[in-house]
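Visitor: Below: one structure in structure tokens.
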Amino acid sequence: MFRESGFQDKEELTWEDFHFMLRDHDSELRFTQLCVKGVEVPEVIKDLCRRASYISQEKICPSPRVSARCPHSNADVEWTAQRLQCPMDTDPPQEIRRRFGKKVTSFQPLLFTEAHREKFQRSRRHQTLQQFKRFIENYRRHIGCVAVFYAIAGGLFLERAYYYAYQAHHTGITDTTRVGIILSRGTAASISFMFSYILLTMCRNLITFLRETFLHRYVPFDAAVDFHRLIASTAIILTVLHSAGHVVNVYLFSISPLSVLSCLFPGLFHDNGSEFPQKYYWWFFQTVPGLTGVLLLLVLAIIYVFASHHFRRHSFRGFWLTHHLYILLYVLLIIHGSFGLIQLPRFHIFFLVPALIYVGDKLVSLSRKKVEISVVKAELLPSGTSLEAVRDHLGGTDKAHRAWPEP
């Protein structure tokens, strides 16, 4: 802004220079409620500009300078300084009296009034309410996006829970296990949605592109990392609840007779007259959903532990390497949800679109890594480090020649 106005060599600015520098920013000045000469200001802001408050225990006589919020003439500044020295004066100059109205006969000076500190003391409830209002105002886009995302996840949970609570009696599984199946299937739907669309928070090229569009007014793309952590934390909690639901299911299946299990899982059990059902270890370690579920918990635990703040601060490389286990995570998720032991596979419904977008974004990143960049200029900076030392640090003359060409 200084360079465009020709003020880059100036050490100080006058009020006229400041006004000239902001000549093309009328709309921003309206939002900041600056009273600039030549810019029409609403009446409400004009009324606000008639007064300014300060809190001081002593009488201060500041140097006469023009306020950026409400500029006045030199006569105003001189009278203001006199007002600060003698706060009992009540009559301002005629110039100021005419400035605020033609029919003013008696004018109470409102430019500077000493504020009483006790008037600004608020109750804790009032302070909490004000902080909440400021939070809503500052993060309304974040709150809106989080509300939409969690509304979808909650709707998926309720849909599956309602189905197995009231519409799945023909399968007979709710007669064997009701709470466990409702909890496990409801959380499974939410987990499938969250683990699928968390991929979009890692699409850096897509986020960079969308940040320059009109969508940035509604979606806080800069908070993608924070949103990624929030989704991951919620998915971990739902995974624990999902596992708890299956623990209940496995316990009830383990004490159920084969005649019941053969009706529930005709592809796994046959009623051969035996009254001994399969034990816990069979469900967890000898079935595809059980074994992949145990492996998923192990992989998630490793990723979550190394992604914590403590491990990232002490070993970022460990965090980076263990986070690449997400490939194994999605492979296990696909196998775990495709077996169809209780219901038909549904994970691909949520996973397909985000996966295609994520793969496309990764391909764009890989293509950019292959672009050859020509060296235009190499300059040896005055840091006391020679080019030979840099080459030795890189570990080899050939490698150094490729990375650091001669100036």
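From the backbone N, Cα and C atoms, a Cβ is placed for every residue, glycine too.
Annotation comment: TrEMBL describes 143-166, 186-207, 250-269, 281-307, 319-341 as transmembrane segment. As annotated by TrEMBL, domain 'Ferric oxidoreductase' applies to 195-334.
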Visitor: Going by DSSP assignments with H, G and I as helix and E and B as strand, what are the residue counts for the domain 'Ferric oxidoreductase' (195-334)?
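Guide: Helix (H, G, I), strand (E, B), coil: 109 helix, 0 strand, 31 coil.
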Visitor: Excluding the flanking five residues on each side, which residues at least 6 beyond the ends of the transmembrane segment (186-207) place their CB within less than 8 Å of a CB in that stretch?
Guide: 149, 152-154, 156-161, 164, 221, 224-225, 227-228, 231-232, 234-235, 238-239, 241-242, 245, 329-330, 333, 337, 346-347, 349-351, 353-355, 357-358, 361, 364-365
Visitor: So what's near the transmembrane segment (319-341) in sequence-distant terms, Cβ-Cβ under 8 Å and 6+ beyond its ends?
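Guide: Answer is 188, 192, 195, 265, 268, 287-289, 292-293, 295-296, 299-300, 302-303, 306-307, 311-312, 347-348, 351, 355.
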